[in-house]
Structures are given as C-alpha cells and as structure tokens.
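According to TrEMBL, the feature domain 'Cation-transporting P-type ATPase N-terminal' maps to A:56-130. Feature annotation from TrEMBL assigns transmembrane segment to A:111-132, A:144-163, A:311-335, A:341-364, A:796-816, A:822-844, A:869-892, A:936-955, A:975-994, A:1006-1022.
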Amino acid sequence: MGQKTLEIYSVELSGTKDIDQTDKGDGKEKYRGLKNCFEPKKNHQREELKKELDLDDHKLSIKELEEKYGTNFITGLSSTQAAELLAQNGPNALTPPKETPEIIKFLKQMVGGFSILLWIGAILCWIAYGIQYSMNKSSSLDNAYLGCVLALVVILTGIFAYYQEAKSTNIMATFNKMIPQQALVIRDSEKKTIPAEQLVVGDIVEIKGGDRIPADIRLLSVQGCKVDNSSLTGESEPQARSSEFTHDNALETKNIGFYSTTCLEVSASPAGTATGMVINTGDRTIIGQIASLASGVGNEKTPIAIEIEHFVHIVGGVAISIGILFFIIAVSLKYHVLDSIIFLIGIIVANVPEGLLATVTVTLSLTAKRMAKKNCLVKNLEAVETLGSTSIICSDKTGTLTQNRMTVAHLWFDNQIFIADTSEDHSNQVFDQSSGTWASLSKIITLCNRAEFSPGQENIPIMKRVVVGDASETALLKFSEVILGDVMEIRKRNHKVAEIPFNSTNKFQLSIHKTDDPNDKRFLMVMKGAPERILEKCSTIMVNGQEQPLDETTAAAFHTAYMELGGLGERVLGFCHLYLPADEFPESYSFDVDTMNFPMSNLCFVGLLSMIDPPRSTVPDAVTKCRSAGIKVIMVTGDHPITAKAIAKSVGIISANSETVEDIAKRLHIAVEQVNKRDAKAAVVTGTELKDMSPEQLDELLTNYSEIVFARTSPQQKLIIVEGCQRQNAVVAVTGDGVNDSPALKKADIGIAMGIAGSDAAKNAADMVLLDDNFASIVTGVEEGRLIFDNLKKTIAYTLTKNIAELCPFLIYIIVGLPLPIGTITILFIDLGTDIIPSIALAYEKAESDIMNRKPRHKKKDRLVNQQLAIYSYLHIGLMQAVGAFVVYLTVYAQEGFQPGILANLRVEWENDNVNDLEDSYGQQWTSYQRKYLEWTGYTAFFVGIMVQQIADLLIRKTRRNSIFQQGFFRNKVIWLGIASQIIIALILSYGLGSVTALNFTMLRPQYWFVAVPYAILIWVYDEVRKLFIRLYPGSWWDKNMYY
Amino acid sequence: MVIQKEKKSCGQVVEEWKEFVWNPRTHQFMGRTGTSWAFILLFYLVFYGFLTAMFTLTMWVMLQTVSDHTPKYQDRLATPGLMIRPKTENLDVIVNVSDAESWDQHVQKLNKFLEPYNDSIQAQKNDVCRPGRYYEQPDNGVLNYPKRACQFNRTQLGDCSGIGDPTHYGYSTGQPCVFIKMNRVINFYAGANQSMNVTCVGKRDEDAENLGNFVMFPANGSIDLMYFPYYGKKFHVSAVGGPVRWLPPGEQGPGEEAECQGPGPLLSSSGPGELHAAPGGREVPERDPQCGGERRMPYQCRQHRHGR
C-alpha cells in the first residue's frame, strides 16, 4: 500500500517537449507553473520538466478509496495503522531545501578568496623552513612560525566569516519556525486534534472555513466549499470545491483539495465542515513537488559576489605576477632560491589584504541589520547589495502594490460619482452623505450582506478586524461599519426573514427584512448583484431620496457610470430595494426562497458601488523613487488587464501622461495596427499575447517600452519575463508570495518574498523577505544596497592603498639590498590590526549625493574595483605612503648611525649572524643582535609611518567626489573611533608589546611618530585637489582618469 | 535562461587583442588615444617628479638633524661586542695541522689584519699614550679637531705577533692564535676607570679539559684604558684602533669550544646595557635593566679545531 502511494506521481524530464504544446486548453494554462523549467548546466537548451499526474483517486468512489487505503470513512484509521504508515512514509511536512552541510560551508570559507594565496604563503614558509632545517638542524624557527601565523590568519578569518554567515542564516531560521499546524482527524472512530505533521495517507480529516488544508485530500462530503488556490496556481478567485468528480485532470477536478491551500469557507450544512481523506502527504503532495523542483533552478552568483571575485582576481593577479617577477629577478640577482622563496612569501603577504573579506562580511551584515529594522529581512548577506544594483523590479500586484483587500472605491447615486477614501484606515470619507438616496443605499449595503466580524474584536481598529465572508462582502461590511457605526446592531434591529445567497447563475443576492421603524409594517427587500442584472429588475430609480421612473436618460447615465467605474478596473455592484406592500405581505407572511413568492421585478434602483483592491498609500511615492533611481518597475499579475492597468496608473507604474498603443488608437480613433508603436511608452501585455511571443519579440518589448504591465500571466510566464529581463543584462528583482512564484524568485537576481502573505516555499526560494509585504520597503532596500556598494568601494580603496606601502619595502629590499624595512608579521599587524576598524567605519559613511537620483550601476561597466580605483590607490596614494614610510625608516637608521648612503647593498652582511662587527657610517661596529634590534625598530618605524598616513587615507576615502568639508568631518562618528583604534593599537604594539621579541616591535622614540605627518597632509591635500578638479571639470580627462 | 557564455574562437581573441593594442578606427593604442597617453605621461612625470622632490626635501631636512661626527642616538650600542680574527664563515676556525691548505687562508688573513699594527706604522700614525688612563682628546675650542688613536704595537702580541714566526701563528704546530677584538663605539669609556681583562674558558667542561690553559697576550688579556674613547671615523685619523688579544694554544682536541668574557665592568658611561651579541654568532639577549656597573657581561666566542 505504501508503495502504491509512492507511485502516484511520476516526475519525468523531457527535453523535447515544447512548452507551448502543453497548452491544450485555456484551463490548463494556469497549471503551467507546475512545470518548472530549469537549465541543466551543460546544454543551454531549455528543458521542460513535465509532470504526469497518475493521480486517479478523484475518479474512485468512496468505497474504492476505502479499499485502496484500508480506511473507513466513518471510523477512520486505527491508531496502530496510522503509526505504521507514519513510520513508513515519514511525517507530513515538506523537507526543507537541502542545506549545504556546515562543514562544507566552513571549508568553503577556508579556501575562498585570498585564502588560497595565504595558504600558498604558509606552505612556502614551511617548505622554506624544511629546506633550512635539512641544511642546518638548529636553524631558526622564524619561517615555521610565520607559516603558522599565516595559516592561523586564514583559519581565523574563515571562522569569522562563517560565524557571520551563520548568524544571518539563524535570523531566518527563527523566522521560519511557525506555529505547528493542527488537524482534526478521525481515528479509532474518534475525533482528535493532532499536529498536521502526523497525518498519514488514509486519514479522514475535517476542515473548517479558514483552515489551511493539511495535506492533499480527496473531499468526501462537503457543501459550499471554496478554496484559495492562488499560492498553487496563481488564480486569485476562490475556487469552488465539492465531492463530485468533475474533471479527468486531478488538478481541475473539484473533489481534491491541495496541501497548504486555504479553505475559505464551508457551508453550514451538514456540520460546517468538509470531510476528506488524505491521499498524499509531505513531499509527495503537489505543493511539495513544486517546492522541491524550485530548488532545481540554479542559483546565480550575486552581483557583489561577482564583484568581489573580480577584485580578488585583480589583487591575486597583481600579487602572483609581482611575486613571480621578483622571484625571477631575485634568482637572477644570484639570491639563494630559499631567500627568493621568502621574498615571494613577503610579496604575497604584502599584496593580500588579509582583513578585507572579513571587513566586507561585517559591512554587509551591518547593512543587513539596518535593513531588517526597516522590514527587509535579508537571508543571504550578499543580497544586500544586489538590491542596490537592481535595474528592473518585477512586482506582483496583489498584496505588494495593493493592500490585498477589496475596498469600496467609488459610489454612484443621484447621478453622481462619489469617491470613497481607500487609504489604509478609511478615516476620511468625504462624500455627501446627506442625500436620502445614501440613506437607502447604506441600508441595503448593511442588510444585504452575510459577512460578519469574528467575535471579540471590539478594541481592534475596524480595518484590521477579521471578517468571516468573501472579499466584497467584507469590504462592504467594513465600509458601512466605518460610516454607520455598529452594523451588527442595525442588522439586529432589521430582522432578516428570508435570504437568497449569491450564486453564479443568479448573480444577485437578496434578503428580506422587517424594518426598524415600528410604524412601518412593510417588509424591506434588499438586493445587490451584477449591475446589469439588477437594473433589469428595476422600473424606478431613486434620485435625491425620491423614486423616479427609470427612463432612457437615467439608464444611459447608469451605463456611463458603470462603464467608467468598470474602466477603472473596479468591481461594480448594483443595489436596489423594494418596500413590499403591507397588505399583500402581512407580518405573518412566510417567504419561500425556493418558490420565490415575492416580486422580482419593478424594484427601485438605488445606486452603484465599486470596489477595488486599492494601492498601498506608500506605493506611488516608492514607484516614483524607483523611477528617479532609474529602476524600471514592471507589474506582473494574474489579474485582469483593466484592473492591472488601473492599479498601474494609480501607483505610477504607468505614468499619468503615457499611453499604450490601445490608448493612442482610441484617442485618434484609428485601428490599433495603424498606431506608430514608437509613440507609446507604456504597454499592457496579457498572458495570451505573451504566449505567442518569441524571445526576440519579448526582448524588443522589454527594451522599447519603459512602462510595462503584464496581466493574466501564469507563474510560468513570470519565469519567462524574468529571463527576458536578464537577457537585457539587467539585475532583476522579483517579488512574489505563492508557491508557484518560487522558481521565478529563485531565478531572479534577488527574489523578494512577502513575509505576511508569502508561502513557505516562496520564502525559502527568496533571498529577502519583506516583513511588512510593502513595496516601499524595497525602495529602502535599494537605497541601502547602493550605499553599501559605494562604501565598499571606499573600504576597498582604503585597504588597497597601503598594500603598495607594504610591497615597496620588499621590492627595494630585493633590488637595492637595504636592511628589510618591514617584516611580514608587522604587515599582518597592519592588515589585521590597525586597519580593521577604520575600514568597517567607512560602512557608516553617508551618501555623498542623492544615490536614488542616479541610474543603477551597469553590471559589466560599473565595477566595484575599477581601473581608476586600482591605479589611484596603488600608484598615487599608495606610492606617497610608501615614500612617507621610507622617510620614517631612513630617519631611524640615520639617527642611529646608518646613513642612507651606506644602507644600499648592506643586506648580506647585515643579515649575516656571524658578522659581529658591521661598521656604520661613523665607524662604530654593530653585533648581529644589535642590528636585529635596530631592524625591528625600523619595522616599527615603517609601521607607524604607514599607520599615520592611513589616517589621512581614511579621511580622504570618506568622499569620492565631494570635498571632505562638504561631507562633514564629524558626521560619521565611527570614523573617529576607527582613527582612535588605529592609534591605540599602534601605541600598544610599540610601547606595550615592544618587549615581546616574537612580535618584532620595539619602543619607538616619540618624535618618530610625527615624521610621516607631512606626507599624511600631502595625501589629504592631493586628494582634495583631485576632487576639486573632478567637480570643476566633469567629463574631462581628469574626471575620467581620477574618479573611481 | 542563463545568459549564454559566448565562446570565442581563438581567432577572435587574437583579433580583439590586436584591436586593443591598436585600434585603427579610434586611433587608440592600448585603449587610449595619443593625447590621452600624452596626458598620462605628462601627469606621471609631474607627479613623480614632485614626489621625488618632496622625498629629497624631507631627506635633506632629516639629514640636517644628523651630525657628521657623532650619531644622534647610541642606545643600541651600550655594550660593544667582541669579534675574533681570523674571520671565518661561521666563526669556526678549522685547522688541520697536517694539511697546510686548511690553515693557510687563516694565516693570510691574519697577516693582512695585523699589518697596520706593525710597530713602524703605529709609530707613524698613532700617539704614544699613558697607559691606565683614558686618552681623552677634547676639542679645546677648535671645532672637530682631529684625534689620534693610541699605539698598539704588534710586538705586544708576543708569540702571536707573527713576526719572524716560522710556526705561522701556531697554526702549523697545532697551537693556533685567535685574536679577539672589541667593537668600536663612539665615546665609550670601557672599564669604568679600572683595568679590564678578557677571560676565556672552555664552553663545556670537557672543552675546558681539552683546551687546557690559555695563554693571553698581553698578559692576562688585559685591555688598557688608553684605547678609549673612540671618537669616530672622521675624527680618528687612524682607522686602526682597538686592542687585539690572542688566545693561545691549549691542548687540542676535536671540536672544542671556548667561551670568552669581555672585560668587565664594561658599563661606565653609557647607561644600562641592554643586549649583547657575541662573536659566537649566538645571540645573547640580555635585557635586564638591572644590570649595573658591577655585573660581568658574558661573551662567548668559539674556537673549533679539528684533529691533529
């Protein structure tokens, strides 16, 4: 039996079937989302994942089902049976996406980026030591130590990066933990509430309105059930469910309910519940299969990862080529191979910014934290920046751009259209409420409505209360509650005596009430429904509280209003009423809704009311911001084109003055084909049109129109659109909430899932979760992302600069033969000591100009580390630093007795431990230990020289274009913290740890700390001049070559 | 769909490179036009010219702070080191008596080393000083008045002087002389006004046994105060200075090591000694700030001799 359940679905890969072939009927269109497409890495042909559903449970009778699953409709499974099945099939839960094992993640940190270079350095150190040891058993351990230190550096930074990653993943993990779902199940003839995870195939479950369906179930007995399949199929309309087998396709038939979809309502009879039998659990459910397929869509590298890789390649390339070049030079200068290896290590260490990757991680996680505060939860640290480089946002409509609730937007009565307040709290209803017509209309709205507030919500604002009922009725209920006060009380006073609920054949809803006027014994019949159906039944119309015969003109006025409201993409309802004459319908009259023993014509038409899911109030502003930030906002929705277009217009996705081809045709009264397509800026494309487009046509569409709305799209098409955008070299952000969106979310450069409305699958596939489902939060994210890109640039420029100052000593040491100016360990103390906090501090720098007013960066052209940045850092500032640090070093040597002249070519004698009488410029003789100590003093001096100039470097990196005075010296307090840390660490190293031999620091005379200051000032002045010329001559040679 | 990576053919790559090197359409060489290159060259010429000037200026300013005659700081040289002659690769003096070539080089070196100490040259260049007193030569108002060193005559080295010596400083007889010299340090007053001795012992007990007794020249390895202070290369007309001692032959054994101590108390004028290195090539970091005038600073030197 267990085996059989496993065979129910088979998933097969088919590379040949074209996607369009599966579109046999329009009903199937919406299921295309189930057939995820993904690309195998090797061949670029799109492969279609086609699913064949062998599910036949919907065809079987209850008897056959009972047999098949060994269960009983009335008594359910026995506990022992259930336990067995649970053990056999596993819990009814989706397997979370396969996580990379922690150890792999950890090892990746160990070998990623610069780590490889450092490992090479460490291994070279050990090799050098090995050679030394084999030649002389008592050789010094220096190289072995250095190797260990390098390895330690790699391991520590790796652990740090891993820890940071893990921390940000943990936020997500806690977020994912949701209240376990419960299910009402019949087992051993008893109703029990058990965790939904423990459901097994064959269980009989009961579902109430509002429940999430706990597994794939075959409905056995149910009435008036509606489910929301939107997360599965993208259909926003509730789908009816019954126990009848209606369609061969399991996805179409009405007697199957799908895991994780929501059951919206169930009719009161027989017990207010739907009963069903579990036919699939966990990963074998339809949703489970989609979710697992989504993980098959490849995750692309984030833009920042690509940038950092690019940067690592540049720096690594420089390190290796200089290293090898000087290795060759050293060997040809007759240096020992062993010495040459040691030079190579020095060059590698000097070139690699050891602390930088850790700094980048910290910087990103700082931003992630900041974004989390603004309701953007970032799952993947690197996604922080991706949002900043986003150039196209494919936004869902429902819930993201809109409030995701039907709201009364317009009213039409007394031949006039009134606008209702659609803002989030409805507080400002300004339309004229004095008319008698409004009194009647409001009565109909209140009474002809089955929706009710769930009890116990008196203290909650009306708009936030939970309502039992469908979307339009909820809208009407809340609308009337806001305007009229306690609706339930009004309904109580106007006792309902009969009712016909809305159904799709009648297209109206009717109820008959006793009125609250004690003097009026007449019954009031109220009716609402599709406007044209309502109008048919009317012979009079109410104007200013007076009934008037419905003539041609008023009918025409009605039609105009109806068309106008419909044209706004709103759902329009008509309202009418009739006071039943008291003589014909006495108080004791018994109304029969089946025979309809009451008049159904010659009613009095009262008004129209239109509803829409209104845009969130923050969205138009956010869209404008995106616009000015050069981000194209594309709406992709499953909704009707008219509604989509209306919402797009109201939020600014289609701006007020731009027209579609259709609009132009209408305005000029010509056929659509005659319109010059270039005139139209906007386009509304439906799924059906999209289906017939070739990729080239789609590309053309995406490039030619700046404002695009895709309506009536299937989830599958969402993926096609994303791919189309990516072909334009755009960085694409996709928002989505349903399971069916998850492939598109994964495919996008940054997938943004909705935190409230989003399904787990969507959240799993996304890189980012919007906790408040609000589009405006994306804009904040974009801003943060752009800022972090700018600041990372500054951080990297800052860090790279001193590499030259660290590298030059080695090169000069090799070529000129000076005593070594700075040691490898000392370099590590700069890279991982004094420079760390300042480079993080740059992440706190405010934007120089309005970053939301410029175009998103071009993926291929605006690199994080570009030629200008590298050249300016290396060849300008870096070289100045090197010169400055050399001055400090030479000062120390000269004042101790070794004047610059005799330092050249001193190296061999200097380093020979057996030369104990090396003469200085004054004829004094130095022992090897005395020289060693002087050498360390030289290291310390060089170190201090670099440190002092790095302070200037830090200050100049605050801005790239503006003067530091424009940016403000003290706005970023963290920078000063960084400078303080630099100085304090250097003081501690020199004066505190100056006596620890292994660290090669000595106590430096106080005056040497100031030798490099002129160079620090020079650096600052030089950079100010650079920025001044950039500002003065934009676009000039200077600007092009000096702006990074 | 994944953006397809365009596979470039080899020819295309070459073509692209060619265009990068010289683009005939835009007249760009390596991605830049001639004017742009000219600007760049000019810029870097000016920039690096300025940087060089700046460097030169700061170096000049710095050198103004440094005197030609005395170093500004001498804190590293509080205690002078000792060194041996003949100077060998790793301070091991290897002698094989039967193999003349093994010690001939040492003899050559010593000849050269001792030449300036010939009595005639000494008499010509250096002053005769009163022993037992520092030979101070104040400027007496004349700026940078030239100073002279005291005479150290080669003949004072007795058996190790190598004058008319058929044994070649004892190397041919297996009783080699090793000379110990003390490093020069400007204005260093060694010995705190008391006479000083260099003492040598075997490094290990068995070495001491094998070496037997050392014979020192001058007697007891004494260093006279008159050789101090040293006034620096520019003042001291005679470049040769400093006492020379020899370590006489003891009983020879394979690979003995001897350890010599410098004259103590060494610290008279220059404050607390911080570190000492020794001719043995072994660093002896002594960073005891407590070590005052009374303490004897251990030096070690090593003499390594091989078989008969």
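Placed from the backbone N, Cα and C atoms, the Cβ positions cover glycine too.
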Contact check, the transmembrane segment (A:111-132) vs the transmembrane segment (A:341-364), 3+ Cβ pairs under 8 Å, seq sep 6+: yes
Have the transmembrane segment (A:144-163) and the transmembrane segment (A:869-892) got at least three CB pairs under 8 Å, pairs 6 or more apart in sequence? no
Counting each residue once, how many in the domain 'Cation-transporting P-type ATPase N-terminal' (A:56-130) are helix, strand and coil under DSSP? 45 helix, 1 strand, 29 coil
Short question: most Cβ pairs under 8 Å with the transmembrane segment (A:975-994), which of A:341-364, A:822-844, A:936-955, A:1006-1022? A:822-844
Proximity of the transmembrane segment (A:822-844) to the transmembrane segment (A:311-335), 3+ C-beta pairs under 8 angstroms: no
Six or more residues beyond either end and a Cβ under 8 Å away: which residues meet both conditions relative to the transmembrane segment (A:796-816)? 311, 315, 322, 326, 329-330, 333, 335, 343, 346-347, 349-351, 353, 355-356, 359, 822, 827, 830-831, 835, 838-839, 842, 864-865, 869-870, 872-875, 877-879, 881-882, 884-886, 889, 903-905, 907, 942, 945-946, 949-950, 953-954, 957, 1044
What parts of the chain pack near the transmembrane segment (A:1006-1022), using Cβ distances under 8 Å and only residues at least 6 beyond its ends? 876-877, 880-881, 883-885, 887-888, 891-892, 941, 944-946, 948-949, 951-953, 955-956, 964
Whether the transmembrane segment (A:869-892) meets the transmembrane segment (A:936-955): three or more C-beta pairs under 8 angstroms: yes
What parts of the chain pack near the transmembrane segment (A:341-364), using Cβ distances under 8 Å and only residues at least 6 beyond its ends? 112-114, 117-118, 120-121, 124-125, 127-128, 143, 146, 150, 153, 157, 160-161, 164-165, 304, 308, 315-316, 318-320, 322-324, 326-327, 330, 335, 381-382, 384-385, 788, 791-792, 795-796, 799-800, 803, 806-807, 809-811, 813-814, 824, 827-828, 831-832, 835-836, 839-840, 842-843
